[in-house]
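Read the structure below first, then the notes.
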Amino acid sequence: MAAAAVQGGRSGGSGGCSGAGGASNCGTGSGRSGLLDKWKIDDKPVKIDKWDGSAVKNSLDDSAKKVLLEKYKYVENFGLIDGRLTICTISCFFAIVALIWDYMHPFPESKPVLALCVISYFVMMGILTIYTSYKEKSIFLVAHRKDPTGMDPDDIWQLSSSLKRFDDKYTLKLTFISGRTKQQREAEFTKSIAKFFDHSGTLVMDAYEPEISRLHDSLAIERKIK
């Protein structure tokens, strides 16, 4: 039992911090842990099929969103998505009303209500098309930067992107809208997706994150100067 206790003590010592070298290793480990707790972008590497354009674009979009939300601590605003969901909900409401009314009042008695619901549904689909084309555009993130003093309105950061079919050029645009002056500034880059993915289809954040940070910092510097 004594030998087991000694052995256990040695195991516990090696698991903790043994000597100067152990103390150094312990400190490094806790520092790294603190960094990962602060910014967990690299926790789960993103791996996709490089030949699937939608998967490539979605993975790049999601990772760019994470940089703004996790690294810069901005707060996501879901207003654009809520608007689209509201339009879709109203459209579904007309479809459900038509279904229930036709069940309760079989055709042709239900004809006027069915006609109204069908017309209303297609009108809402038209509104949805206009909304996604001219309001949402290709924006996939709207984030707010709170004013530390609480005196000025929030600054708004928007991310939008494009990747044409059968093309390897990915364009990411970052838009800054000043909460105080309402002035709008933009910065963007266009790069080959091969720069951001390795041969197995894993997104290399060490190559992608600096590009996003460079866009952000260029607009943030202009903001401070003005």
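Note: Cβ is positioned from N, Cα and C throughout, glycine not excepted.
Per Swiss-Prot, the residue annotated N6-acetyllysine among Lys40, Lys146, Lys169 is Lys169. According to Swiss-Prot, of the residues Lys38, Lys135, Lys191, Lys191 is the one noted as N6-acetyllysine.
Taking every protein chain shown into account, Lys169, Lys191 are the modified residues, and of these the Cβ with the most other Cβ atoms within 10 Å belongs to Lys191. Lys191 (N6-acetyllysine) sits 5 Å from Lys169 (N6-acetyllysine), taking the Cα positions as reference.
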